[in-house]
Ligand code: PHE
């Protein structure tokens, strides 16, 4: 088959792994995970997060990469192709549509938060963190996010970088960047975590993070943990399906998925270990929401020697980690339009990215002019949630689990066992049977029971 666009294929297994880990490791690990854990009681959330990520998100990750590699196109067209081959109902194309629309929505708010990270590079470089107290750090954060023009400026820069890379074609641009930058981020984070162990709040933080208090487990906690697992591992938005479509036939999907999920979880835990000791050392609230990372870490950077450079490096790498995730959100949408509209990729990337920019304005305003605007309150829903909260909550706690559920049902029940065995290159392997069991029973029942519990409670 000839395509009107440049071939889309990873140059090696390593390139795929770095791109996929680049997608998984992002704001979800360093910004979202700590504040969600903080809002949901710490240990209870983290333990459930680890269990549900390995038991639910990981099996779905395997099936998502597999479906992508079977279809070799954007998620929407991959699903069209698979339902034709397997004579399944059109209903299942919902997996492609839900993921693609979800990716677009997440990209719209993700680039706003990515812009925060970029802004903090500037703040670090200009020495703005020097000698900062917790009150000053909180004030600095709030002064920034309450200025819509400033937030929009950094959102624009972040999206421009993302568009630029996707426009150049994924294989050429990001492959080399992620190979270099992801390990660097990891080392810096380890360094931050080691520094955190020397602060007085370390003990309290470890108890907060790892003590499992059963009475703190509510359906909400479980739903948030599952949602965070999906978000963090990048499943159910078509990102991994798209990356799987560019993957060589010989690569083991099972092994790759484990590497991706374990690396991702490790980075999230490291982020928690770097952040919570500072929260407790400086008397901050672990439940202080989206500002958590941006308020706690600057205090450390303002105290330690060389904090200007370390702080700038850290926020730069956080921005890079966010950009490598944003790329994987833009790519599924661009790949899809590219298959239908035959104009150069650079224009398509610009158009789709531009639309995400417009869609992101609601999020920009959520922290200032629209801070008291609760869009669904009139319907009696999510009465205390801003536009940003609503987008974030619905994508990670409703769209992603639903698409993930459909994916596990499709790969577990609609595809024949032999087709899946063949696609994974796992004939007669024990892990194949475990995976299939998790996909057919554990993942769907887990997601469904949480939905039911949430409706009932
Ligand atoms: N996994 C990314 C993060 O943790 C976010 C993401 C979700 C990216 C879904 C792509 C698809 O920040």
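Numbering starts at 1 and runs along the chain as it is shown here.
Placed from the backbone N, Cα and C atoms, the Cβ positions cover glycine too.
The transmembrane segment annotation in TrEMBL covers 12-31 (among others). Residues 65, 110, 113-114, 117, 170-171, 174-175, 178-179, 182, 185, 189, 228, 231-234, 239-240, 243, 246-248, 251, 256, 259-261, 263-264, 267-268, 271, 290, 292-294, 318, 321-322, 324-328 of the same chain sit 6 or more residues outside the transmembrane segment (12-31) yet have a Cβ under 8 Å from a Cβ within it.
Taken from TrEMBL, the feature transmembrane segment applies to 43-67 (among others).
What TrEMBL lists as transmembrane segment is 88-110 (among others).
Residues or ranges marked as transmembrane segment by TrEMBL: 151-170 (among others). Outside the transmembrane segment (151-170) by six or more residues, the chain places 6, 8, 19, 107, 111-112, 114-119, 144-145, 177, 246, 319, 322-323, 326-327, 330-331, 334, 345-346, 349-350, 353-354, 356-357, 360-361, 364, 367-368 with a CB less than 8 A from a CB of the stretch.
Marked as transmembrane segment by TrEMBL: 177-202 (among others).
Residues of the same chain lying 6 or more positions beyond the ends of the transmembrane segment (222-246) and with a Cβ under 8 Å from any Cβ of it are 8-10, 16, 19-20, 23-24, 28-29, 32-33, 36, 39-40, 45, 48-49, 52-53, 56-58, 60-61, 64-69, 71-75, 78, 96, 98-100, 102-103, 106, 170-171, 253, 260-261, 264-265, 268, 325, 328-329, 331-332, 335, 395-397, 399-401, 403-404, 407, 446-447, 450-451, 453-454. What TrEMBL records for 222-246 (among others) is transmembrane segment.
The feature transmembrane segment is assigned by TrEMBL to 258-279 (among others). The list of residues near the transmembrane segment (258-279) in space but at least 6 beyond its ends in sequence, with Cβ under 8 angstroms from a Cβ of it, reads 17, 20-21, 24-25, 28-30, 33-34, 37-38, 42, 46, 49-50, 53-54, 57-58, 61, 185-186, 189-190, 192-193, 195-197, 199, 201-202, 204-205, 208-209, 232-233, 285-286, 292-293, 296-297, 299-300.
Look at TrEMBL and you will find 299-327 (among others) tagged as transmembrane segment.
According to TrEMBL, the transmembrane segment annotation covers 347-371 (among others).
What TrEMBL records for 398-416 (among others) is transmembrane segment.
The transmembrane segment annotation in TrEMBL covers 437-456 (among others).
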Discussion item. Using a Cβ cut-off under 8 Å, which residues of the same chain at least 6 positions beyond either end of the transmembrane segment (398-416) come close to it?
Written reply: 56-57, 59-60, 63-64, 66-67, 82, 86, 88, 92, 94-95, 98-99, 101-102, 105, 223, 226-227, 230-231, 235-237, 423, 436, 439-440, 443-444, 447-448, 450-451
Practice prompt. Find the member of 88-110, 177-202, 437-456 that has more C-beta pairs under 8 Å to the transmembrane segment (347-371) than any other listed stretch.
Written response: 88-110
Worksheet item: Apart from its near flanks, which chain residues at least 6 from the ends of the transmembrane segment (299-327) lie with a Cβ under 8 angstroms of it?
Response: 19, 22-31, 107, 110-111, 113-114, 117-118, 120-121, 123-125, 127, 129-134, 137, 158-159, 161-162, 165-166, 170, 174, 177-178, 181-182, 184-185, 188, 191-192, 195-196, 199, 234, 278, 282
Discussion item. Please identify the stretch among 88-110, 177-202, 437-456 with the greatest number of Cβ pairs below 8 Å relative to the transmembrane segment (43-67).
Written reply: 437-456
